[in-house]
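> Structure incoming, see below.
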Amino acid sequence: MENLHDQRKVYEKSQLIESEIKQNPIEQFRDWFLEASENPNISEANAMAVSTVEDDGCPRTRMVLLKAYTFEGFIFYTNYDSRKGKAIEKNHKACLHFFWPNLERQIIIKADLEKIAENLSDGYFHSRPKGSQLGAAVSPQSQIIPNREFLEVKLKDLEKAFENTEVPRPENWGGYIAKPYEIEFWQGRPNRLHDRIIYTLDDLDWKISRLAP
């Protein structure tokens, strides 16, 4: 057994107390996200782990980039026929997790997922670099393929086909909005007595509670 007992650090950079937090969790998220985005030691503040539950009852997690957020929820894009897309089709609940170790913070979001309007997916798709658009069209995401060359040949074919024309958004590619009903903010504190503030949606209002660390 590889013993990792001595791998630990002291958390002491900040605090999270009720008198200083926002009453709406999206506003609290915005404050923390802006701070993470402006931190030179955090390269992708919008990287989040998205966990879904598959047919066997086992959760599956992958890193995804947050592309927008509103008071309604958090938006990301993917292939609807991917493994995550198929899991979401059967179980609309998911968990989003942001972890910013340089700030000693994490955010856990439980949400219901819905597809966004097609015009919004179209708008974002055509804002991407053309190479990324072609990549989305080329990849049968999550399916078994024979080798790397399979993708590269398809990419070259599409590059020729759309050399002078717009790449159409694939019908099986688009956005989801994660509409939260529970958001927890975690701030590391000394002696492992971390701050945990949880917002729970109660009808149309957010209830704020403190959890023991």
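Glycine is treated like the rest: Cβ placed from N, Cα and C.
Sharing the feature lines straight out of TrEMBL:
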type	residues	note
BINDING	R8, K9, V10, Y11, K67, Y124, R128, S132, R192, L193, H194	substrate binding site
DOMAIN	42-158	domain 'Pyridoxamine 5'-phosphate oxidase N-terminal'
BINDING	62-67, 77-78, 83-84, Q106, 141-142, W186, R196	FMN binding site
DOMAIN	173-213	domain 'Pyridoxine 5'-phosphate oxidase dimerisation C-terminal'
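Map the listed features onto the structure and describe their local environment.
In sequence order, P190 make up the list of same-chain residues 6 or more apart from V10 (substrate binding site) whose Cβ falls under 8 Å from its Cβ.
The Cβ neighbour count for Y77 (FMN binding site), using a 10 Å radius and every protein chain shown, is 20. In the three-state DSSP assignment, the secondary structure recorded for Y77 (FMN binding site) is strand.
For the domain 'Pyridoxine 5'-phosphate oxidase dimerisation C-terminal' (173-213), the mean pLDDT of the prediction comes to 98.
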> Look up V64 (FMN binding site) in the DSSP assignment and reduce it to helix, strand or coil.
strand
> Same chain only, please: residues at least 6 beyond the ends of the domain 'Pyridoxine 5'-phosphate oxidase dimerisation C-terminal' (173-213) with a C-beta under 8 Å from a C-beta of the stretch. Say none if there are none.
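10-18, 21, 23-25, 28-29, 32, 67, 72-80, 88, 94, 96, 104-116, 118, 120-121, 124-125, 136-137.
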> Cα-Cα, whole number of Å: V64 (FMN binding site) versus R128 (substrate binding site)?
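Their Cα atoms are separated by 16 Å.
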